[in-house]
Each structure stands twice: as C-alpha cells, then as structure tokens.
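*Asks:* Okay, handing you the structure first.
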Amino acid sequence: MQRGLVTYKIYRALSYGVSPFIRLHLRWRRFRGLEHLQRWPERLGHPSLPRRPGPLVWFHAVSLGEGMIAIPVIKHCIQRMPHLNVLMTTTTLSAFEVLSNWLPTEVILQFSPVDIPASISSFLHYWKPNAIILMESELWPNLIMDASKNGITLALLNARISEKSFNLWSGSLFLPLISLMLSKFSLIVPLSTEQGLRFQLLQAPPYIINFSGDLKYVIEDIAVNECGKRNTDDLRLQLSHKQVWMASSIHRGEEEIILGVHTVLMQLQPDIVTIIVPRHPQHGREIAKKLEREGHNVVLRSQHERFKPETNIYVVDTLGELRQLYTLTPIAVIGGSFLPGLSGHNISEAAAAGCAILTGRHVGHFSHMVLEMQQTNPLSVLQVSGKQELERSLIELFTDTTLLEARRRAAKEAICMLSNGIVTNIWSLLNFHIFSRLFTEMKPPNIIAKRL
C-alpha cells in the first residue's frame, strides 16, 4: 500500500506538471473539430449545466459502446429511485452527439474531465456526486483517489482489462498503484470470469468482485423519431428486391477484404447489395470516393440519395444508426476482426435484430461473447478465417435459405437467453453495495431508528 501511495504521488506530480500542455492539446483538438466547439471547457472540469439539489450518481463511459450499455442500467436506477439525479459523462464527441438523443431527458450529460488534479478537483467540487459508476475500463488514478478522499463511493460495471493493459498493470512498477486504486472500490462487476480472475490477480479485494453477466448482451429498444423511421422504411422498400448483406464496424484495411468478397458475390448474384458501415464516418466517405473513381455506383447515406437500378454498394457515413440498419439485412459480418491487432466488436445488436452473424478470428475480449453464444446455440455465430472462407460462407447462406433462417433464429434466441436478468442482477448488486449504504448514511439518525 505504501509503495502504491508513492507511485500515485509521482503520477499526480507528473499529471500536474503536464497540465498546461494538456490544456493546449484540448484547444488544438477543438481547432481540429475533435472537441465540442462550445462545451470543450467541460473537459477541464468547468460545468455548463446547473447541479440540481438532491443525491446525484455519476455514470462515466469513455465512448459510444460503453455509453450504450450504461443506458439500461441508468433507466432502471431512475425507475427504482425517481428522486435520484443522474449525471452521465463521456469522452468522445461522437458518443456525446448520439447519447444526447438516446438518454432519458432527466439525465444530465457532460463531457468527462481529463485526469489532471485541477480538472478532477473542480468537477467533484461542483457536482458533488454521492457515488461514481465507471463503465468497463476507466481506471484513472486522480479521479479514483480524489473520489475516495472525498468519501465518494465507487463502482466499476462490465469491468474489463485488456491483455496489454493487464501486462502493464501487473508489472512490478504499476502493480502497487493498481492495487491501491482497486481497493477504493465498493463494487467491481467483471463482464466474464476471465476478467474477474484478472482483477483478482491485480489484487482487487475478493469480496467486492461480483458477477452479473455481460451488459453488452442487453439491447433495449431505442426511440426513433418519425423522420428516422420513415427514412429506414424507405430504405427497406428500396432494398426489398435485392440480395442484401452488411459489413459493419469496418476498420481501415478491412474494406479491401469486404470489397473483394463483394466482387465475387456480384458474379454469382447480380442483384446483390453490400452495405458497408465503417467504424468512423470519415473512412466511409473515403471508401465512397475511391469506389466512385473506380466506376462503381455507390450511394452514401449522408447524401440521402435514392438507389439506382445499377447501385450495388451502400456506404454508411453516419453515427448512431447501426441498430436500425441491422433490421435491413438478413446477414451481418462484424468487422474489427479480420486483421491481426484488431479486437472485434459487439455482435449482440446484430443478433437482437435477427441477423445471421459472421465474424473474423481477431475478436479480443469479445471472444467470451462469441463462445457463450456458440455454446448456447452452435449456429448463432460463425467465425471465418479470412476472405476465401468468408466468400464460401456467404455464398452458402445466399443459396441455402433454410440454413440462413436457422442461423438468424439461432442468433436471436441465443441473445435473448444470455441477456435475461442481467440488468436486474446489476441493480441488486448496486442496491446492496452502493445505494442502500449510501442513502442510509445520508438519512438523519431518527429516520434510521424509525425504520429499524
């Protein structure tokens, strides 16, 4: 513990020393359009919205994926405790733009403060959270130590540590620090038993580690405005006489694999339409320009163009629409998994939409999700090794409607079984380890006596 404190003091001093450069870096990011033009000071702990009176719980998710899995938990907490104020923070601009439309209206949405002493201190002093619930792997020393110093209860949901981070934290230099940080939590809920073992090896107290299931399995219906619904329905009508498949969450380099497969499929199925959804919208625009130069007839989603008879590639360069787009296709190929160094993406949204799911072999911490779904139903997820195997599998699905329907049904049934009860389990753990203790401490002694 003493070594951990020494390491933390060194980290704090270093983070204080680089604070001016971090402020300059944020201004540079704002200039490049990577930070919000008006609300970027929130990253330095300066609020832009009022703090309502009453108890407040702060949920933090670094980006869109983590933010989406927090929404069902937030909704359940608000339903069970209507008096509770909920503050949600995220780091990325893309996540902020999407979550601002999907979070319950009573949730306060801000950008998260960078982990430098002044920003964390300013943020905690203004918002005065009674509890902080971090999503997945947001382990920041200044945030955790300052929260503990101020008596703020900490929880880590869907907790995970990548193999690279685990190797770093478990080394002799940083193990004392991570052990100290994890000791400040009241609850850690790993997304899998393998992740639970990693936290134990990093010396998290065993009694705070509890399991509930992976929140990424939980897919809630998101309200879509009338314009968005009409847009999706119109696109479905345009695709109704086509053979459709989608490649989603595509990373740079993977488009070459997808387009190579598309060329092969076009020779066998001239009415094929390939929907390409890159991980980043700018990548989608680059793909569309390249294909147009090569003579392909491409429709770019942001341009709202209609399909022509010869259109066979649809490139999505927007954010926050993947769930709706999955309903347009019977087959989903999940990217971020076909090249070494990649680590997969969430397959549950495609499964919930009833897609037959294919993915590559490089799935990182999503390997437990692939394995659990396959154990629930072997037909639910098909892993392929590369371009040729992907070609053969897609040809088989397009030519065998019985197999296609069996895989679609298997994926949906598997996700329904695996998601059952997870949010309720999370709520029970939060209520026992966080909320019951928190609000007992907040009640005057005479009220507690009456209850007893």
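Glycine too: its Cβ is placed from the backbone N, Cα and C atoms.
A TrEMBL annotation is a machine prediction, not a hand-curated record.
Okay, these came from TrEMBL:
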ACT_SITE  Glu66  active site, proton acceptor
DOMAIN    38-218  domain '3-deoxy-D-manno-octulosonic-acid transferase N-terminal'
SITE      Glu136  site 'Transition state stabilizer'
SITE      Lys216  site 'Transition state stabilizer'
*Asks:* For Glu66 (active site, proton acceptor), just count the other CB atoms lying within 10 A of its CB, please.
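*Replies:* Around Glu66 (active site, proton acceptor), other Cβ atoms within 10 Å: 24.
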*Asks:* Please compute the mean pLDDT of the model over the domain '3-deoxy-D-manno-octulosonic-acid transferase N-terminal' (38-218).
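*Replies:* Taking every residue of the domain '3-deoxy-D-manno-octulosonic-acid transferase N-terminal' (38-218) together, the mean pLDDT is 96.
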*Asks:* Which ones in the same chain are close to Glu136 (site 'Transition state stabilizer'), with CB under 8 Å and 6+ residues apart in sequence?
*Replies:* Ala61, Val62, Glu66, Leu156, Leu157, Asn158, Ala159, Arg160, Leu191
*Asks:* To see if you understand the setup: which same-chain residues, six or more apart in sequence, place their Cβ under 8 Å from that of Lys216 (site 'Transition state stabilizer')?
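*Replies:* The answer is Gly65, Ile69, Asn158, Leu191, Asn346, Ser348, Met369.
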